[in-house]
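Per TrEMBL, the features are as follows:
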type     : residues : note
TRANSMEM : 12-29    : transmembrane segment
TRANSMEM : 36-54    : transmembrane segment
TRANSMEM : 74-93    : transmembrane segment
TRANSMEM : 105-127  : transmembrane segment
TRANSMEM : 157-174  : transmembrane segment
TRANSMEM : 194-214  : transmembrane segment
TRANSMEM : 226-248  : transmembrane segment
DOMAIN   : 277-385  : domain 'HTH araC/xylS-type'
């Protein structure tokens, strides 16, 4: 980047910052309901405005000269974003998935690393004389020295940790959904998983880059060619990930069925003070008579309203008495109804697709998976087995009549 003004690498960084700026402005203008998750995401995008600007002004020779003519104190402003985009991404995902999320004072602890980095920069850079600050920037010596390099690496490693924590949030969210919804295929958050996977790859790439730098620091031998390849590749990877994000936003972003974060699943060894037999009987009677489980979008709240009982008590009773979550409980009834229809000669003309829709499933793959797990046969195999059994019964009955 030191030889050509506005080379292609510079252009990629400029476009990255510009796209993030436009995206952030668009989200700000359209966030009429002041959704907190959107604010976190805007903050994340702002970080990715500063990051390419920092890379451009520090590593691009001509841009570095222009910035030095203004003030050396402007350098490294964008470097703080490396400590902030991870937490902002984490809080974006958390507030998106959990409707009762509230940002609390204790969450400010996530800003501790950037505060420590700022203190380090004050001591090692901002309090230095003008000539020394100018020299550190012009020679780029600070970028390959300790403890700056240690802080820089810590920031990159933290981003990987936060990306992994986002996947942990999604996993826990998926488990909690099973206590609320009976159909999950519309809530698989594929777009969010793709987005997070892209950022995990990007953050991991940056972490590898800093690992190479730390290796060079330890051996007092920096492989500049390798660092240059990794650094420039990171710019293009960032640009690609950003455009994936924009594509997802305008094509696949869907609303999220958020749940209460406080409603964490109980441990298996926890027990109600006593499962009311009348409640259990009422549940079983309602399920048998109303067949409410055939509603595709049945939720624990809807079922609780039907049974005129608190949703929490219903959920706890299902877990403690039936030893199932809501998702498994409802679908177990659906499977039993599907078995009845598949073995009923009067339903012989119904296709398997018609049957799984009739009992409440809205995904063939989910129905087949659940059915095989419970029955240990595919729906087709089960229907064939029952047809043979029915034909055998009829033949036996006819033989008895002839013998009489």
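Even glycines carry a Cβ here, placed using N, Cα and C.
Please treat TrEMBL annotations as automatic predictions, because they have not gone through curation.
Outside the transmembrane segment (157-174) by six or more residues, the chain places 82-83, 85-87, 89-90, 93-94, 97-98, 113, 184, 189, 192-193, 196, 199-200, 203-204, 206-207, 210, 259, 264 with a CB less than 8 A from a CB of the stretch. Secondary structure of the domain 'HTH araC/xylS-type' (277-385), assigned with DSSP and counted as helix (H, G, I), strand (E, B) and coil, comes to 83 helix, 1 strand, 25 coil. Remark: the transmembrane segment (194-214) makes no contact with the transmembrane segment (105-127), by the rule of 3 or more CB pairs under 8 A.
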